[in-house]
Structures are given as structure tokens and as C-alpha cells.
């Protein structure tokens, strides 16, 4: 006997299916479900009178043969596709993406549910991989709370707290500081990796930081990013399979952008602030987007270009880089970094896939809790101003959505050698997952899962008779408590440090995971974001031309995902 349901009734019961479209928050972005892994009529759903009951959707299989957790009927948005599926989690990892149920009585089951299985209802929800922010100034540990609640589950950067050096640069300098920060990482329910200070012209000061646990090195102009330092740092990175991040020379003191590119010698490097106002060679740091060995990222304070962007940047810059507005030279330095034309071009370079990643620059001109919001605001602005991308039609923005989600998930993971563990929703990877109601997509997650366990969720009054009464706000869950914290989050280190036994020597509780493949990744590997245009920036007008086309756009006066969502 067949019961026919309308699309509306089906979506209300099991969530959208193939061909259904979903609006992301209050943007003009629409995604369309490309495939549904379920068999119609064999869907599983938990609740009174529902399917997942003993002998029905729940099998008699033992714990070893069933999922620990199943997220049912969720829409997955990832770089590889937009699909409807059940997601299985086992031993803290994504075990399968497919059709859940009882294989004894249901056809097509690829994920077995048993008495050992917990259920998270994904009907009507979007699931994305946990975000990865690769430009963190570890100025205050409270950043981690903000980042996690926004959907970021991995933070990479450097620092030691509100020291003057950390306020300006993302470096954890030296073995002593590295050990202390790795010990501090044990106390936070998020994946962490630290960058050492890369500004040295001899190898030993850099190698000892890698041996102490750094996953890479950071070159920053405030410490002197000279060609000699660049060359030495990249040589050490090549020897240790670690990544180098660079904030280039705004003042062009040690050379222009061409000198910096020459110092790279074709070696892989992550260029921070490949953007319109964040720093680096003025005014033409954007040129490095065209280099095959350069993995470019930009930060969120200029994302997207709005009518307020220029005004707020000057004061931020003076504070973050320890400048004095009463000193003419300091003021000139600041003003050289803030350019309307290059900020506008940054929007378009993101939309066309020339800029591969987006990060925060936390408390150092950027907002740690707004990486995901500002990524999707940029995508919305570009759709409104530039129309559909090649590959998208009138019905959906699937390709644009895949391009933008890759900027804060898989591409940062590939860049820093952690894609074997995190960065996408694929079997075998660490189960860092973010669940969103479509109306709140990108703004306020419904739930954040770390290593297969709920870490943060929107939760009502703990003294209420049910979970939903006000006040509803983000509260830490059991994955953040006791020994579970160290079992659900990872600390990334170098292979050199892992081989040296720093876990036991430092007394670390979290699992240490070595980075790998940092020196072989290239711009071509940046998923959906691999365009290498020839860029020219006019030294007088700052106009940006890419492959012969002038890149310019108007600032936005109104944005989605903004005040409508933050009344309190």
C-alpha cells in the first residue's frame, strides 16, 4: 500500500528531499538538495509512535556493529555536495553517510541502529563541517567560547595572552611558551594548533620551536619579514613538513612584493592578509594570488565591503599594531594599509575563487565569532551585485555555496596539514559537526558536536520541566567536562615533536595529531578556490585589474545575517 505525500508534507515530516530548495538565513542564497540517500517509505525518525523502536527501525545488533550516534535525515552542505542523508558517528569519527535503520527488516540500510545508538534529529536541519580559523591571535582564552558557539571547532595561530607581541602577531615564541600553551590547550573543548615565531635568519631558533610542538611558523612584518628570514623559515619548514604563514612587509622596507615572491623560491606558503586593508605589501599584496605556490587567505574585518568598512579600520589598526596617532609616521603607516579600491576587489576575488580561505584575525582587527557570518554575507553581496556564478543556474546557488563553505573548512585543513582529520564531512574524519536551522544558518548554530559528542547547544532554563523554556542561550554540554574534554578534541603538533615524546614530557591529556603534507599542497589543491589570475594594482589609483578585467564593486549599505539576529 502506497501513501503519497505532498512535497510540503514530506519536508515537514522528514526534511527536504531531492529537488527541494533551502534559503540560507535571510540571504538571497538558495541551495538545492542534489541527492537523497533514503528510500522513500523506509525513512527512520525517533519519537513516540515513530520508526526507531525495538524490532522496527532499531535492530538487535550489538554495540560493535551499530553506530554510537546517528543524525537522521539531515541536509549536508560540504565542498563535495549538498545531499540529504543519515550520518553515523562511531568512536568519535564519522563512520558513514547513508541510510540508517534496521538491516534485518529494511532494504538499503548502510548504517545499523541498535540499543547502543543515540539519535540526534536532523530533520529540517543543515549540517556542515566544523569551521577552521587559521588566523588566531591567542590574546584571551575566552575567544574559544565565542568561536565554538559560532561553529568554529579548530583554531590555528599563535600567542601567549595579552602580551604586546601577541596583540599584533600570531606567534607563540620559543619552546617555553610553546609548552605552556600546549598545556593550556588541554583545558579547552576545541582543536588547537600553534605557530612559532618564524622571524630568524638562522635555522636553530626555528627548529627548536618545531621540536617543541609548533605545527608551523609565522613570519610577521612587526618582527621583520626580510627576504633572509623568509628564505630561512621556508627552508626549515621544508625540512620538517610544517607550514609557514606570512604577514608581509607593508612599508616595503626590505623589498617590494616581487622581492618577497622571489624569496619564496616557489615553495608553498600561506599568505595571511592577501587583502585590501589588513597589511602586507602596500598597495599590491593581492598580486600573490596568481602564484602557484601561494595559498592566500584574507580576514573578516573587511568582509564584505560596506559603507562602514573604511571608517572603523583606522582606529583598529592604531591599537593592534601599537601605533601612536600623534606621530605622523605612524599615521601614514596606518593610512597606507586602508584602500577602498583593494577592499572592493577583495570581495570579487573571493567570489571568483582567487582567495582560497577566510579567517578572523581575532582581537587583532578581526572578530573571532564572525568568520562564518561574514563568509556568507560576502557570498550574498556578490550574488546580489554580480549574479549567478558559472555552474549555477536560476534555481540554486549550489556551486557558490560549495566555494564559500570550502573557504573555512577544507581549504584551511589542506593548507595546514590537518585534512586527514578535519575539514569536511567524510567517513573516517573526526566528527566535528555543526547543526543549523536554515533560518539561522551561518549565524546561530543549533548544536555543535565535537569528536562525536555534543559540546555546545542552545539550551533553555536548566530548572524547567522541558529543555526549551527561556532563557535559551548557548550552554556547554558534557563533551566539555571532565575526562570527556580530552577525548573529544585534538591538539595538532609537528611530527618532529610527536616523535620527541612531548605528550608525556609536558603531561598532556589530549590526543596529539601530527600535521602532514604541508609542503606539497599548492594553489591547485584549493578546492573551488584555485584561480590564479595575473593581478596588477595601480600604484596611484589602487585600481585592481585581474586577467585584464577591472575589479570593482559598490559598498553594501544593508547586509543580511546582521541586526535582525542580534536584538539582545
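Backbone N, Cα and C define each Cβ position, glycine as well.
Residues annotated as domain 'Urease' in Swiss-Prot: 130-568.
Residue 135 (Ni(2+) 1 binding site) carries a strand DSSP state (E or B). Look at Swiss-Prot and you will find 135, 137, 218, 361 tagged as Ni(2+) 1 binding site, backed by sequence analysis.
The Ni(2+) 2 binding site feature in Swiss-Prot is assigned to 218, 247, 273; the stated evidence is sequence analysis. Within 10 Å of the C-beta of residue 218 (Ni(2+) 1 binding site) there are 30 other C-beta atoms, taking all protein chains into account.
What Swiss-Prot records for 218 is N6-carboxylysine, and it gives sequence analysis as the kind of evidence.
DSSP gives residue 220 (substrate binding site) a strand state. Long-range Cβ neighbours of residue 220 (substrate binding site) (same chain, at least 6 residues apart, Cβ-Cβ under 8 Å): 168, 169, 170, 171, 197, 198, 199, 246, 247. Per Swiss-Prot, substrate binding site is recorded for 220.
Per Swiss-Prot, active site, proton donor is recorded for 321.
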Residue 273 (Ni(2+) 2 binding site) CB neighbourhood, other CB atoms within 10 A: 28
Residue among binding-site residues 135, 137 with least C-beta crowding, 10 angstrom cut-off: 137
Other residues, Cβ within 8 Å of 218, 247, 273 Cβ centroid (Ni(2+) 2 site): 135, 169, 170, 219, 220, 221, 245, 246, 248, 271, 272, 279, 280
Integer Å distance between the CA atoms belonging to residue 273 (Ni(2+) 2 binding site) and residue 135 (Ni(2+) 1 binding site): 9
Averaged pLDDT score, the domain 'Urease' (130-568): 96
Rounded to the nearest Å - Cα separation of residue 218 (Ni(2+) 1 binding site) and residue 273 (Ni(2+) 2 binding site): 13
